[in-house]
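According to TrEMBL:
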- 109-121: compositional bias 'Basic and acidic residues' (COMPBIAS)
- 148-347: domain 'Neurotransmitter-gated ion-channel ligand-binding' (DOMAIN)
- 355-467: domain 'Neurotransmitter-gated ion-channel transmembrane' (DOMAIN)
- 99-139: region 'Disordered' (REGION)
- 348-371: transmembrane segment (TRANSMEM)
- 383-401: transmembrane segment (TRANSMEM)
- 413-435: transmembrane segment (TRANSMEM)
- 530-547: transmembrane segment (TRANSMEM)
Amino acid sequence: MLYQLSHCCQCRSAREIKQLQKAKSKAQNNRNLREEASICNQLGELLSKNGSRGERNRGECARTPERSGFWRGVDAVLVLLCVWYLSGATGKMTQARGHKLQTYKQSRTRREARMEEDGGRKTGGPIYKRSPDMTKSPMTKSEQLLRIDDHDFTMRPAFGGPPIPVGVDVQVESLDTISEVDMDFTMTLYLRHYWKDERLSFPSTNNQSMTFDSRLVKKIWVPDMFFVHSKRSFIHDTTTDNVMLRVYPDGNVLYSLRVTVTAMCNMDLSRFPLDTQTCSLEIESYAYTDDDLMLYWKKGNESLNTDDRISLSQFLIQKFHTTTKLAFYSSTGWYNRLYIHFTLRRHIFFFLLQTYFPATLMVMLSWVSFWIDRRAVPARVPLGITTVLTMSTIITGVNASMPRVSYIKAVDIYLWVSFVFVFLSVIEYAAVNYLSTVQERKERKLRERLPCTCGIGNPDEMMIDPQITGYGSMDPNTTGHYGMPENGGRQERMLAQVALNDPQLTGQVKARSYVNIWIDTHAIDKYSRVVFPGAYILFNIIYWSIYS
C-alpha cells in the first residue's frame, strides 16, 4: 500500500513537473518574463513538496504496527527502496531547479540591462534589440585594403610639404540657356580631378584599379572645388549620385562628377542683336591656397572637350578655350583659378524678321502720304498716326525682352531713327497744310487790293491783249482759274494786277500791267518723295556697314 502511494505521488509530481516545464519553455519563446518567473516558483514549490512528502512517508512507515516477519521484511525493503528513489529524484530536481533558476536570473539581468539602455532613447513598451550579426565586419574589404582607419583623411596628402598638384579636365555635355535679362548661362559638364594620395595605395598583382561610388568619397580627402560667380549648381542624383572614384595601386586617384551650374556672364549689349559675347566659367579651390594646392589643366587646351551636337537657338558657338590665372583675396591670400571661355555669336535672322523688316515697312508706308492729295485730310492724318503707333509698339516689344541697361543698343538706334522718319512724315503733312492755308490768305488779300475793273468789258480779253499784258498769245485756260489742277499736278496760278507807273488809281487803265505769278504750294511733297527714301537708304548703308 505504501508502495502504491509512493508510486502515485511520484507519477503525479512527474506529470506536474513536465507540465510546468512545458509552460516555462512556452513562456520563454513568447518572452513573457512575469509568466516565466511564476512558473519557476511553482516548479520549485512542487519539488520542495516532493521532498517533504518523502520524509513524511518514512515517518509513517516507522509507526506502522508490527506485522509478520516476512511482510515486515518486505515492507522494510520497499520503504528503503522508496526512500532511496524519492531522495535521489528530489536531489536531482532540486539541483536542476537551482541551475535553471540561476540561468534565468542571468538572462533576466542581461535583458533588463538592454531594456534600460533602450529606455533612455525611447519610451513605451519593452523593445528587444536584435543581436548583432557576428558574420558581418564593421568595415568592408575595400576599406580594409585601403586602410581607411589608419590615416587622418581630414588633412590633405603630404601635409606640411610642397603643394599637392591637382589636374582638372572638363567634358561639356550641354550649354542649355543664355539669358540676356538675367545675364547668366546654364551649363552641364563632367568635372574630373586627378591627384595622388599615397595613403590610398594598396598591393596589387595585376595593377588594376578599383572603382567606388559616392559612399567612399565621404571617407577620404577630395579637392574642395567650387564655381566662382555661380548662382545655382547641383550634382545629378538620378538614379544614384553621379559620382565616381577610381583608385590605382600606386595611390593615383580619379574623381569625376556630373554637375549643372548656372553662372554669371557679363554681356556687352551695345551691338545687340549684332553682337558677339564671351562668357567664362571659373573653377577654384575654396580653402586651399596656392601654398597647399596647385590647380592646373591636365592637358592644356585639350583638357576641355565639347559635344559636337551642342547648339543654341539664338547663338552660334564659335570656340572654347582655357586659361589659368591667380586670384587674390585680401584676407586669405592667392588661389589658383581655372577659366573656361566660350565665344557666342548671335543669329540675326530672327531679329530681321521680328524687328528690322517690320520697322522698315512702317517707314515705307509713311511715304505713301506724299502721293495723297493734301486736301484729303481724313486719309493722310490717320495714316501718319497709325505708322507712329506701330513703331512705338515695336520699340516697346523689343525693350520688354531686354535688360534695362544705361547705354544705347544697336537695335535702339535703328528703331528710333525709323521712328523719326515716320514722325517727320506726319510733320511734313502738317507743314504742307499750314503753308497752303497761309497761301490762301495771301491770295485773298491780293484780290482785295486789286483795282476795280469798271469800264472793262471782259477782263479775260484784257488779259490776253498783248498790248496790255506784254505777252503774245496766251491760253485763257491757263490763267484765271483758281484751284484748278494743271496736267494732274498740284499747281495754282494767280493773276495779280500791279500798277507800275501811276501811284493813284483813278479808275482809268493807263499804264497798267498784269503779271502772271506762279505759286507752287506742293513743292514740299515733291521734294519729300525723293529726300525721305534717299535719306533712309543712306542711313541703312551706314548702319549695316558699321554693325555687320
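The backbone N, Cα and C atoms fix where each Cβ goes, and this holds for glycine too.
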Intrachain neighbours beyond the transmembrane segment (413-435), with Cβ under 8 angstroms and 6 or more residues off its ends: 355-356, 359-360, 362-363, 366-367, 369-370, 374, 377, 380-381, 384-385, 387-388, 391-392, 394-395, 398, 521-522, 524-525, 528, 532, 535-536, 539, 543
Summary of DSSP states over the domain 'Neurotransmitter-gated ion-channel transmembrane' (355-467), given as helix, strand and coil counts: 89 helix, 0 strand, 24 coil
Per-region confidence, the domain 'Neurotransmitter-gated ion-channel ligand-binding' (148-347) (mean pLDDT, whole number): 92
Close approaches to the transmembrane segment (348-371) from elsewhere in its chain (Cβ under 8 angstroms; 6 or more beyond its ends): 273-274, 314, 379-380, 383-384, 387, 390-391, 394, 398, 411, 414-415, 418, 421-422, 425-426, 428-429, 525, 528-529, 532-533, 536
Intrachain residues whose Cβ lies under 8 Å of the transmembrane segment (530-547), provided they are six or more past its termini: 271, 274, 363, 367, 370, 410, 413-414, 417, 421, 424-425, 428
